[in-house]
Amino acid sequence: MHKAQSVRGRGGTVVRNRKAYMDNGYTDAPVNPAKKPSNPSVSTGRHNQTYALMFVVILSFSTRFFKVMEPPHICWDETHFGKMGSYYINRTFFFDVHPPLGKMLIGLAGYLTGYDGTFPFIKPGDKYEHHNYLGMRGLCAALGSCLPPFAFLTVLELSHSPLLSVSTNSVSLYTGCITISQYILLDPILMFFIMAAVLSMVKFNRQISSPFSPSWWLWLILTGVNLSCALGVKFVGLFVILLIGLNTARDLWIILGDLQLSLVDFGRHLLARIFGLIVLPMFLYTTIFAVHFVVLNRSGPGDGFFSSSFQSRLIGNNLHNASMPEYLAYGSVITVKNLRIAGGYLHSHWHLYPEGVGARQQQVTAYHHKDYNNLWVVRRQGDGEDSGAPDLVRHGDIIRLEHKETTRNLHSHFHEAPLTKKHFQVTGYGINGTGDPNDLWQVEVCGGRKGDLVKVLRSKIRFLHLSSHCVLHSSGKTLPKWGWEQVEVTCSPYLKDTPNSQWNIEDHINPKCKPNLCMNMKTVIWWLNLVCLGLYVVMVATASVSLQRGLQLDEKRRGGGMLFLGWLLHYLPFYSMGRILYYHHYFPAMLFSSMLTSIWSCLPTSWLCFFFFFVLFSSFYLFHPLSYGMRGPLAHDPSSSMANLRWMDSWEF
């Protein structure tokens with residue numbers, strides 16, 4: 001069993017449980033850091049580390065920048081992220097599911113290298129021709145080139161072995177990692193910040209003997225900065241936040257157990273980590289969005305996802321500095337927007353609900369984009385024509401909404417809704433304004449009183465169905481193909497006031513009103529990582545039994561637990577995701593498993609490492625056409641030069 005040993009701890013105090021720090025990934029902190037080693041082999045070791053790092057850097061950058069301009073056309077998701085980079089250069093507003101930092105960096109790289117944002121990025125295969133795309137691809141290649149050096153430095157901190165650290169060249173030579181770094185994608189940017197955060201955490205853990213020193217604060221702050229940037233590129237960054245959060249929790253637990261430290265000292269450590277790993281990242285993350293909204297000040301394809309008041313700030317939007325009637329009036333042509341996030345516009349079209357889905361009447365949906373079929377005409381309760389001076393709509397009025405294109409009325413009845421079965425179906429019914437009592441809706445201004453006017457853009461309103469005593473509602477659920485994958489609109493019998501049942505008038509046209517009135521493929525590397533993951537679990541179990549039996553084990557090489565946890569946190573969550581998963585979604589997990597493979601190969605003899613290098617370089621030589629392009633017939637053709645490399649039928653080149 002391990003005996004408690006003393007090392008200089010936080011705040012100059014004595015830390016009496018060295019093994020706890022070793023297990024926490026701190027590795028070998030020197031007993032007396034002020035005492036410089038007299039062994040001349042230490043200086044030689046440092047030179048070896050420098051040479052090894054230089055080798056990794058040169059190999060990484062050369063493999064990723066080689067043929068980075070080829071092919072000279074759009075590849076895969078470049079059509080999305082290149083286009084979004086152009087949006088930033090042109091300051092055109094758009095909506096995307098990913099946070100903005102990665103796309104902002106792509107746009108910035110293009111702008112600084114002379115790209116003018118005029119290439120349309122329509123579809124894969126379109127030639128770039130005279131447009132300068134080197135900066136955007138170069139940014140991704142540069143950040144992707146940093147992954148192997150980061151992996152090298154992380155494994156070096158955990159193993160103290162330059163030879164084992166060089167074995168992280170599996171990241172340098174892995175064809176998939178090379179390929180994904182050569183195109184305009186978010187993944188190399190995401191992995192850069194993930195690896196930077198892990199490296200910063202490991203470096204911070206090494207500062208155990210000098211708490212609150214400049215280097216201690218530097219690595220703590222860098223960890224927080226990289227966490228916010230990882231999350232600012234993709235929400236996958238949450239997994240590395242969880243990893244570092246667990247590491248920090250264990251770190252604080254060990255500090256709390258150090259009886260040489262007062263609770264005041266523990267409080268200082270706690271507050272420092274709260275600032276560096278919570279407050280600062282949250283501030284930077286919100287700053288990223290602030291910059292995003294400041295830069296994108298022109299109307300674009302993402303307007304319809306946001307509120308009417310937000311759209312009115314976008315230059316070029318029809319609501320920007322718009323002069324329109326202030327109050328809603330009968331006879332007005334309007335668009336009605338739901339107030340839930342990405343709620344969409346009230347919409348209808350000529351298509352009917354299919355057989356078996358409520359009544360076979362005209363579909364009514366919510367649509368996220370501006371469209372002619374979003375227009376409705378406000379009619380009185382009766383059939384009389386609107387004439388003379390404009391008559392304003394007030395809180396409590398009973399109206400009909402007539403779809404301008406099809407002249408059918410907004411209608412509801414006791415048939416169940418298509419997806420939300422406890423709600424009622426909403427349809428378009430009648431023709432040229434004729435219908436039945438189920439076409440009548442009462443206007444309610446949220447927080448208003450009877451007689452209050454309905455203000456365009458500003459009033460939150462609800463539409464209460466007179467016959468069914470339900471409220472017009474956007475469920476947020478996506479309809480099947482027959483509904484053109486638009487959003488379901490229902491009539492909810494639950495009258496609770498929620499954003500799903502709140503609407504506002506956006507566009508308002510009334511000539512009588514004046515404005516002031518109214519790839520699936522795996523290589524040798526993935527297999528090796530999977531084998532090492534399994535062997536690591538076996539070795540940990542064996543070591544635990546050995547320690548329990550009182551055997552002494554070598555403490556010099558630790559940190560595998562942190563890497564194994566990092567792999568788990570970046571791999572297992574994808575099992576619960578309902579979306580289609582692609583090869584690149586598993587790349588962050590691959591980084592951790594590759595580093596763990598290097599840790600695992602930490603054996604008394606070095607022959608296994610050299611065998612590993614041989615397999616690694618052989619794999620790269622065989623499969624390098626996957627990174628730099630293949631010539632001749634496709635791989636499934638027996639005459640193809642790649643045909644013999646399809647080792648499994650499930651592989652697709």
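From the backbone N, Cα and C atoms, a Cβ is placed for every residue, glycine too.
TrEMBL: automatically predicted annotations, no manual curation.
Copied from TrEMBL, the annotated features are:
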- 325-381: domain 'MIR' (DOMAIN)
- 390-446: domain 'MIR' (DOMAIN)
- 451-508: domain 'MIR' (DOMAIN)
- 23-43: region 'Disordered' (REGION)
- 183-204: transmembrane segment (TRANSMEM)
- 216-249: transmembrane segment (TRANSMEM)
- 270-295: transmembrane segment (TRANSMEM)
- 524-547: transmembrane segment (TRANSMEM)
- 559-578: transmembrane segment (TRANSMEM)
- 598-623: transmembrane segment (TRANSMEM)
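Secondary structure counts, DSSP: the domain 'MIR' (451-508) has 6 helix, 28 strand, 24 coil. Beyond the transmembrane segment (559-578), the same-chain residues lying 6 or more positions past its ends with a Cβ under 8 Å from any Cβ of the stretch are 23, 25, 27, 157-159, 198, 202, 236, 239-240, 242-243, 246-247, 533, 536-537, 540, 585-586, 588-589, 592-593, 595-596, 599-600. Looking at the domain 'MIR' (390-446) alone, the prediction's average pLDDT is 93.
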